[in-house]
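To start, the structure itself, in structure tokens.
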Amino acid sequence: MKSSSSIFRETSEKKSERWMMMNIGRFSPFFLSSFCITLFFTGFFVYQNPFKSIADQNVLSFQPQIDPECDLFKGHWVPDKRGSLYTNSSCATIPDSKNCIKQGRPDKDFLFWRWKPDGCDLPRFNPKAFLSMVRGKKMNFIGDSVARNHMESLLCLLSMEETPKDIYKDGEDRNRIWYFPKHDFTLSTSWTKFLVEERERRDSNNTGTGLFDLDIGKIDEGWFNGLPNTDIAIVSAAHWFFRPIFIHRGDETLGCIYCNLPNMTQISPEEGFKLVYSAVLRQINECEMCKKDLVTVLRTISPAHFENGTWDTGGTCSRTSPFGENKIDLQSNEMKIRKSQIEQLEGITKRGNKAKKFAVLDVTRVMQMRPDGHPNGYWGNKWMKGYNDCVHWCLPGPIDAWNDFLMAIIRQLR
């Protein structure tokens, strides 16, 4: 039911509209010309480029609508003859280590599948529409090398619409910045193993021992210092957690993952994820220097598919087709960690700053079905013979679907 004040406002507005229509003929041609010119320049200065804004709106208006009640991450993979929008030769920025076809992978069936949610459709990635949505924005992928893998997929997809400028690379090629000048869009990566401050223990020869100390009371400043300049942050980190790690909160030692030491609290990997992600998401939510409308997308753990061993004991991932839904292990460590990550995100959204937006990119279950999507031995390995990559994803490949999800998420948050 409308309030009396709103009804009065609508009545007054209608009277004003009728008066304008009845008396418009009395206005001089000069006034009409001035009015049109004023309207044009108002639009120009307020919207900077009204023509581009209208073009962006037209592009987005033709995009399929997504049922907000549909769970995009529950479904299965179906054959798709179209394949990816790009090829291993059409995208110049694919690293050799992810360019599986270039490295000699003989099968190509893994390229011709798409994700189909149960009960709805996930629209195919549209680079023109995506760039329209993120015009003038800065997007940062924060995490380990799988986060970089994700960014590289998006970079290839967007390059089909506009060639980006490579404007920054650090000495170790871990942090990169790309710029799309026609859309004033910045795409970057910020490398971090654990998201929080970490230190590797060293022996008497100053050689790394593989033992890490994490302080969940301190965020890794390498990425967090750049957060105030970010509009959309895709946050993830996972694969460095599967090793001996001592977890601290300041001077207090909370326990250890994979240590089995006497008088030391044993922490499971999923509990370690809970402690880290709870601290990280809280810091993001409470970041006073960050933009009020900052969007944070938490990407859940991406599963590895080693068989007949691990990465350092000859494990492989040589399958050439997806798994069916019945092959998913709902009790796997990855699914437990996924649950822990999502619980921390839900906790923040329930009590968080309503201006800041949070969303989940839930790839764990989706990618458990794609043991065929990894480089395996086709990653240009010259120095580590016998080691197979069953963690990262071929480009092009199943990881491209993550950007179908990302586009849907950003559109829903608009």
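The backbone N, Cα and C atoms fix where each Cβ goes, and this holds for glycine too.
Record note: among 69-72, 261-264, 365-368, 389-392, 389-392 is the stretch given as motif 'DXXH motif' by Swiss-Prot.
Cys394 is paired in Swiss-Prot with Cys100, the candidate among Cys36, Cys91, Cys100 named as its disulfide partner. Between Cys91 and the candidates Cys156, Cys256, Cys259, Swiss-Prot records the disulphide pairing with Cys156.
For Asn88 (N-linked glycosylation site), the recorded positions whose C-alpha atoms fall inside a 10 Å radius of its own C-alpha are Cys100, out of Cys100, Cys120, Asn263, Cys390. Asp389 (active site, proton donor) falls within a strand when secondary structure is assigned with DSSP. Over all protein chains present, the Cβ of Cys394 (disulfide bond) has 29 other Cβ atoms lying within 10 Å.
Of all the disulfide-bonded residues given, namely Cys70, Cys91, Cys317, the one with the smallest number of surrounding CB atoms inside 10 A is Cys70. Listed disulfide-bonded residues: Cys100, Cys390; maximum Cβ neighbour count within 10 Å falls on Cys100.
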